[in-house]
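Peer 1: These came from Swiss-Prot, pasted as-is:
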| type | residues | note |
| --- | --- | --- |
| BINDING | GLY166, ARG167, SER168, SER195, ILE236 | NADP(+) binding site |
Amino acid sequence: MLIIDGKKVSLELKDELKASVDRYRETTGKVPGLTVIIVGEDPASQVYVRNKAKTCKEIGMNSSVITMPADTPEEHLLDTIASLNLDPAVHGILVQQPLPEQIDEFAVTLAIDPQKDVDGFHPENLGRLVMGHLDKCFVSCTPYGILELLGRYGIETSGKHCVVVGRSNIVGKPMANLMLQKLKRSNCTVTICHSATQDIASYTRQADILIAAIGRAKFITPDMVKEGAVVIDVGINRIDDPTTKSGTRLVGDVDYEGVSALASAMTPVPGGVGPMTIAMLLKNTLHSFERTHNL
């Protein structure tokens, strides 16, 4: 079985991004800039934001983090976003989720300039994706990263049956739309399964490419996968494991040990899709910089 190594590919991408940033610094005197806003003290969000800032520094991008208390009024957050929209040194704006309950996440998404929406969540970017205008939009980072992995590993997709398990706005819906596009790395027949789908296994067993993004540990078992399928595991779930020092370990939405005996190619957890998300966020930020400066 081929292991689709997202960590390895993300490092290759970072080297490519760094080379582009260095070139633009020399030719224009400017570099891309990413600003991340975090509201509250969610530990997982703080770790993720630190990783983004660290990666920006490694490739030479400017990055800043705006930290706000959990009781921040929505109006204050929206005013901050409005200022960043007008800042020519900021090419990407990301508001870390989850947000406190007093803040409307959709209002925040709408407030971000679509040209700086490097998370790809704004309705304008999603609409352009659905209509096939990928050169004029930002694609959500996790689906974008999966497409990059499929391309770099030479996975044949055109005409294949892709089954996406999960319909979130962050992964499931954009992933399905991306795999529908007339692109070399997609062009699939697509089926979406979700919590109300009856007999999910009857669909997943038909998949040439199975993408699991349902948020349930080891949900996809060997009896749900046909031999030779390509399996992409988006899930990150922490389960109890008394054999580890922490007492827990990370697993995906797929039973890796069982399914890997059937799959022709598969992403591990950790080290598969996860590392690609930040890399694609920075690739989107670079694209925003290039569009801004007509490069």
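Residue numbering: from 1, along the chain as shown.
Every residue gets a Cβ built from N, Cα and C, even glycine.
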Peer 1: What are the non-local neighbours of ARG167 (NADP(+) binding site), defined as same-chain residues 6+ apart in sequence with CB under 8 A from its CB?
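Peer 2: Residues satisfying the criterion: LYS173, ALA176, ILE192, HIS194.
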Peer 1: Including all protein chains shown, what's the count of other C-beta atoms within 10 A of the C-beta of ILE236 (NADP(+) binding site)?
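Peer 2: By my count, 17.
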Peer 1: Taking the Cβ of SER195 (NADP(+) binding site) as the centre, count every other Cβ atom within 10 Å, in any protein chain shown.
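Peer 2: 10, counting other Cβ atoms within 10 Å of SER195 (NADP(+) binding site).
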Peer 1: Looking only at GLY166, SER168, the binding-site residues on record, which one has the least crowded Cβ, with the fewest other Cβ atoms within 10 Å?
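Peer 2: Counting other Cβ atoms within 10 Å of each of the binding-site residues GLY166, SER168 gives the minimum at SER168.
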